[in-house]
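**Student:** Handing you a structure now.
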Amino acid sequence: MPSYTVTVATGSQWFAGTDDYIYLSLVGSAGCSEKHLLDKPFYNDFERGAVDSYDVTVDEELGEIQLVKIEKRKYWLHDDWFLKYITLKTPCGDYIEFPCYRWITGEGEIVLRDGRAKLACDDQIHILKQHRRKELETRQKQYRWMEWNPGFPLSIDAKCHKDLPRDIQFDSEKGVDFVLNYSRAMENLFINRFMHMFQSSWSDFADFEKIFVKISNTISERVMNHWQEDLMFGYQFLNGCNPVLIRRCTKLPEKLPVTTEMVECSLERQLTLEQEVEQGNIFIVDFELLDGIDANKTDPCTLQFLAAPVCLLYKNLANKIVPIAIQLNQVPGDENPIFLPSDAKYDWLLAKIWVRSSDFHVHQTITHLLRTHLVSEVFGIALYRQLPAVHPIFKLLVAHVRFTIAINTKAREQLICEYGLFDKANATGGGGHVQMVQRAMQDLTYTSLCFPEAIKARGMDSKEDIPYYFYRDDGLLVWEAIKMFTADVVGIYYQSDQVVEEDQELQDFVKDVYVYGMRGKKASGFPKSIKTREKLSEYLTVVIFTASAQHAAVNFGQLFLGMYPEEHFIEKPVKEAMARFRKNLDTIVSVIAERNKDKKLPYYYLSPDRIPNSVAI
């Protein structure tokens, strides 16, 4: 009788193992086997991190194995199990891999296909077509869209983390990590000890140093020691946590009536302000988004305020960016003066503090929350709803949306909800942050997520003119490496543009993003469909870059880009593409390390060895 060797790998995360009964059935082209209990005498099967092998003998030839069924039945108490993969050695000595990387909960069943990525057009066998269809039908019931706030991108339909499908919940380690990081952030900021500092006026600039006490690394210490200086202020717009607002000024705005006479002490080229603009030496950061946003009123005993500044900056003869004029609100007038470096020391410093405060609010709510977290969640929900696990695009992207939906759900529970951390610590709390997202959605376009296009649109693309914009330089290197990788993968599975256009599952994924994520707004520029391999490669690059590199640049995380510990792909050409991708990323790491070697203030946020795969890792 034919005999198969079945190897079962259990996850290594906490509580991944199980004591439940595990049954296996094999479905082949010539028949289906009976259920076999996978159990070895006097052995604790399916322990956390274990790789267990079993001999399974069947009564008759099954032909080519098409599916593997795994059933879990209760032994004592319900005991969730994380199955990484199954490997099958056939009677003729061939090996077939069945990736899973999913939880089996309760008395559940999972049906697995082998690990070869397949488009729908590749499936000609009825049972495989049926499996594909049923998987999506099940997922679309589990992953539903919901409007958390009017005008927001739609999010997952779950009130809290425990309502999420088990496969996208934090595993125990990640959940504990979230809690510890949250607590550590509160400790670092002395939220409990110095809460009164956030709810009353500070009396001394030394109060800032107390906030930095427990943040001990080279960059933060250097910023703490030099934060009052104009050079540091300008540098942060290029390479700080929000390097996406500064743009080249091509025309002085009427709402900022600054003259040459006002700033001539800052202009080093003996030119007029208008001539400096013409030569491309003037830059601007405009916080118009904050104009009219309601300040936090959740604590009636604490008055909080918001500004909507316009900040003019200048590239000096050393090619460094420095501020030369600041207006704290949008409408000029006697009660809205323009502050200058020639003003009294603390007048100028306070003006810069107001700008930095506004930059913080835009960074946290728009650059970070909206444009990485919420956008990545849209891609993630659409992915689970429209692409089966066997689809090559699912296999490619799933690592880049890992835990994204979970961390966003936690944020809606604890951070940006009513009475959450935003309400306690931010001047935009109490609803202002919601108004900001609603406004910023008007500028959330597909093109603005294409890194090279976004840099060019702000006039910041010239390395010769702006040599110290490391966010741009490193970002372009990483963008190109990702795009080369996605082009490789697309080329493996899509032999022509026609195959792309006829891939209905792919088109449904793209349409879901547009209709639900971007609320069907034509002005967003998000495609409703994709018709060429080149456009597909670009689209996939946007998804991966947004979730990994862009998030790292504005948040900074751990080290995973290019590393795929869950082996959803098994084909040799894709593994070779991954190896090339990692090699290209290693080259970028070396380039950035060499550039940073002698810098007092190194920039490493976009070094690939420090970029997490997704916004939640």
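Even glycines carry a Cβ here, placed using N, Cα and C.
Straight from TrEMBL, here's the annotation block:
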{"type": "BINDING", "residues": "Gly17, Asp79, Asp80", "note": "Ca(2+) 1 binding site"}
{"type": "BINDING", "residues": "Asp39", "note": "Ca(2+) 2 binding site"}
{"type": "BINDING", "residues": "His368, His373, His551, Ile617", "note": "Fe cation binding site"}
{"type": "DOMAIN", "residues": "2-118", "note": "domain 'PLAT'"}
{"type": "DOMAIN", "residues": "118-564", "note": "domain 'Lipoxygenase'"}
{"type": "DOMAIN", "residues": "565-617", "note": "domain 'Lipoxygenase'"}
{"type": "SITE", "residues": "Trp103", "note": "site 'Essential for stabilizing binding to COTL1'"}
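Give me the local environment of each listed feature.
**Tutor:** Remark: Asp80 (Ca(2+) 1 binding site) has Phe15, Thr18, Trp103, Ile104, Thr105, Gly106, Arg166 as non-local neighbours, by Cβ distance under 8 Å and separation of at least 6 in sequence.
Under DSSP, the residues of the domain 'PLAT' (2-118) split into helix, strand and coil as follows: 0 helix, 60 strand, 57 coil.
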**Student:** Show, in sequence order, which residues other than Gly17, Asp79, Asp80 on the same chain lie with their Cβ within 8 Å of the centre of the Cβ atoms of the Ca(2+) 1 site.
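**Tutor:** Same chain, not in Gly17, Asp79, Asp80, Cβ within 8 Å: Phe15, Ala16, Thr18, Asp19, Asp20, Phe46, Trp81, Phe82.
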**Student:** In whole Å, how far is Asp39 (Ca(2+) 2 binding site) from His551 (Fe cation binding site) when you measure between their Cα atoms?
**Tutor:** 45
**Student:** Among the binding-site residues His368, His373, His551, which residue has the largest number of other Cβ atoms within 10 Å of its own Cβ?
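**Tutor:** Per the Cβ count, the most surrounded site is His551.
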**Student:** Going by C-alpha positions, which of the binding-site residues (Asp39, His368, His373) is nearest Asp79 (Ca(2+) 1 binding site)?
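**Tutor:** Closest by Cα distance to Asp79 (Ca(2+) 1 binding site) among the binding-site residues Asp39, His368, His373: Asp39.
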**Student:** What are the non-local neighbours of Asp39 (Ca(2+) 2 binding site), defined as same-chain residues 6+ apart in sequence with CB under 8 A from its CB?
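**Tutor:** Those within reach of Asp39 (Ca(2+) 2 binding site), by Cβ under 8 Å and sequence separation of 6 or more, are Tyr21, Ile22, Asp45.
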**Student:** Counting only other Cβ atoms and using a 10 Å cut-off, which of the recorded positions Gly17, Asp79, Trp103 scores lowest?
**Tutor:** Asp79
**Student:** Run through the domain 'Lipoxygenase' (565-617) and tell me, per DSSP, how many residues are helix, strand and coil.
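**Tutor:** So the domain 'Lipoxygenase' (565-617) is made up of 28 helix, 0 strand, 25 coil.
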